[in-house]
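For reference, the structure discussed in these notes is given below.
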Amino acid sequence: MEKQLHLNLLASRPPVPGGLQSGSKMRMGPGRKRDFSPLSWSQYFETMEDVEVENDNGKDTFRIYSSGQHGPVLLLLHGGGHSALSWAVFTEVIYNRINCRVVAMDLRAHGDTKVKNSDDLSAETMAKDIGKVVEALYGENPPPIMMIGHSMGGAIAVHTAAANHVPSLLGLCVIDVVEGTAMDALNSMQNFLRSRPKTFKSVENAIEWSVKSGQIRNVESARVSMGGQVKKCEEPLNSPGVSKSIGEVIIEEEEEEEEEGESNHKRKKEDDQEVKKESLYTWQIDLSKTEKYWEGWFSGLSALFLSCPVPKLLLLAGVDRLDKDLTIGQMQGKFQMQVLPQCGHAVHEDAPEKVADALASFMVRHKFTELKEGFLC
């Protein structure tokens, strides 16, 4: 139960049966190797741009990925440690479902966004960021905007809506973040973060880990998303403070379990030499250092969500996530809820079609947009 709670905050729910727990060894059986090579953002979004906004300390630059020119804007906010690329596969699906524009942004200290004060991840600052980016993109007359946030991004979406930083807000969709379970998770979150690999030998290796550990259950989404979660290490492989990479763990596991004599030994030596030539990759953001902001993201979130005066949709990976305030609010019809079972915490990555269907139905029902020809809710 504790594992379920702390995985809910920023990472995934526990992996599917037969998957690997964080920090465990991984092995690929002979003849079962899947393609874990990275996929480009350009296969899912039409454009990528950096948007400058003015702040007290100077100019900040936010990385934006977008598709479409007409219809309401779907403004997508990712979870902690992720990036805008976590929305890539979902974007392709929803853009083909309904008339819309899609804008996915890297939040501060995440992805390729560059800000002067990357240590300030308070809900207030991040909510203001959203408003400034919307203003930079659209000026004083922004188009109708449907704000959609996952996990931390869902919390920031609620804070943004409650502070009226997006005056043209049509509706709000929050994905798998609930105050009760998030607050319960805070005490065990650091243990979860410590259980993750510190480094990877390559982006491919990070993708492989994300799938096999259950963090992202959709291989295609992992292949485009993980590139936004990791970066090259500055330190060489054998420097103090750099732990054994997950790539070496895989190699060692193969060596231990596959007894095929000299051919395996030779392969391992070649792989070891190759690893040493490569740069290691580590996490783009050290989430453990954001702990002082966690309570501010989630405390009072249910009441804040219920107070937002726009139509609201809550998508959950499990009904066990619903807390008391939201249960009462849902019974009173204050928001629409849908549970998408058999998904991890990264619901929009694991099941982009289901999330797109739920969002399309919600937006069409409220007459925010229309379905594209050939699709039925």
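Note: Cβ is positioned from N, Cα and C throughout, glycine not excepted.
Taken from TrEMBL as is:
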REGION    11-32  region 'Disordered'
DOMAIN    74-358  domain 'AB hydrolase-1'
ACT_SITE  Ser151  active site
ACT_SITE  Asp176  active site
REGION    253-273  region 'Disordered'
ACT_SITE  His345  active site
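His345 (active site) is surrounded by 29 other CB atoms, counting those within 10 A of its CB over all protein chains shown. A gap of 8 Å separates the Cα atoms of Ser151 (active site) and His345 (active site). If you take every residue in the domain 'AB hydrolase-1' (74-358) and average the pLDDT, you get 87. All protein chains included, Asp176 (active site) registers 27 other Cβ atoms within 10 Å of its own Cβ. In this structure the alpha carbons, written CA, of Asp176 (active site) and His345 (active site) are 7 Å apart.
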